[in-house]
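> TrEMBL lists B:23-182 with the feature domain 'Cytochrome c assembly protein'. Taken from TrEMBL, the feature transmembrane segment covers B:20-42, B:54-82, B:94-113, B:125-144, B:156-175, B:195-218.
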Amino acid sequence: MMYWQSLADFLSMGGRGFFVWGSYGVAFLLVVLEIWLLRRSRRQSLRRLQQLQALERD
Amino acid sequence: MNIFRFSSPQTFYPLAGRLVPVFAVLAALFTAAGLWIGLFVAPSDAVQGEVYRIIHIHVAAAWMSMFIYMVMAFWAAIGLGLGTRLSFYMTQALAPTGAMFCFLALWTGALWGRPTWGAYWVWDARLTSQLLLLFLYAGFIALTRSIEDPRRADRAGAIIALVGAVNVPVIYFSVKWWNTLHQGASVNMKGSSMASVMLVAMLLTALGCWFYSIAASLTRARRIILERERHTDWAAAEIARLTAGPAGGGQ
């Protein structure tokens, strides 16, 4: 089932590795970044909402 | 079951919370399967060699960028027409993920264009209208975040989403309407011009991106709901519950 002969073969992508891996690499980074930003903004938002709640209670 | 029940933020919030992990798992499974077939099983292309493998992200990202914008326009129309708050929250929850896929479509397109056309960028109708879509996403995000009054921000954003939706069919049909360097559609209603193993890989990755977008936008929608509904009893209780405990601000 495997198309490639070796790991080097796979990584070089027929000499077009820069373009193929540049595409997949940035896609992966952006997805990781978005997930991280989603978690961070949820934490920050909850902290802010908690402070607002405490202020409004007084 | 009455689906309109879920147009209320209070009932939608827990539903979204249950759906996020389901779609996240589906996204991981479909993307992994699509990439496995696309990168390891599928043979090289007769004309392009190996560089065609960019297609698996490029097409999925381009489809998602257009589809998400249309969904935003749909929610914007519902929000303006019926005045449902949740519809506006959904448009804002979708925009960053749509922008991310739009950028990715342009980025992977540039990296594919260089070895096949000899240029990272050309002012072709397809590329230019896709760049305009990125500006529309950026405009939507900047506008909704810069207006202080949230209800005015909702309406202004909804108008950009609706007006900008005109651009989406322009992107889609640009390869037919104009003589573009960008190739025509490989997949349409009548069938596909691609080899079946490549097509399967591309469709699996596209479905994976679709599930990912649902999971990401529902996660974002939950945060927006809590922020905007914080004065309601249920949301205040939920905020108190989530921020209680020694850790504070936990999951």
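Glycine is treated like the rest: Cβ placed from N, Cα and C.
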> Using Cβ distances below 8 Å and needing 3 or more such pairs, separated by at least 6 in sequence, tell me whether the transmembrane segment (B:195-218) contacts the transmembrane segment (B:125-144).
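These two segments do not touch.
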> Over the domain 'Cytochrome c assembly protein' (B:23-182), what is the model's mean pLDDT?
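Value for the domain 'Cytochrome c assembly protein' (B:23-182), mean pLDDT as a whole number: 94.
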> Any residues 6+ beyond the ends of the transmembrane segment (B:94-113) with a Cβ under 8 Å from its own?
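For the transmembrane segment (B:94-113), the list is 51, 54-55, 57-58, 60-62, 64-65, 68-69, 71-72, 75, 119-122, 127, 130-131, 133-134, 137-138, 140-141, 144, 209, 212-213, 216-217, 220.
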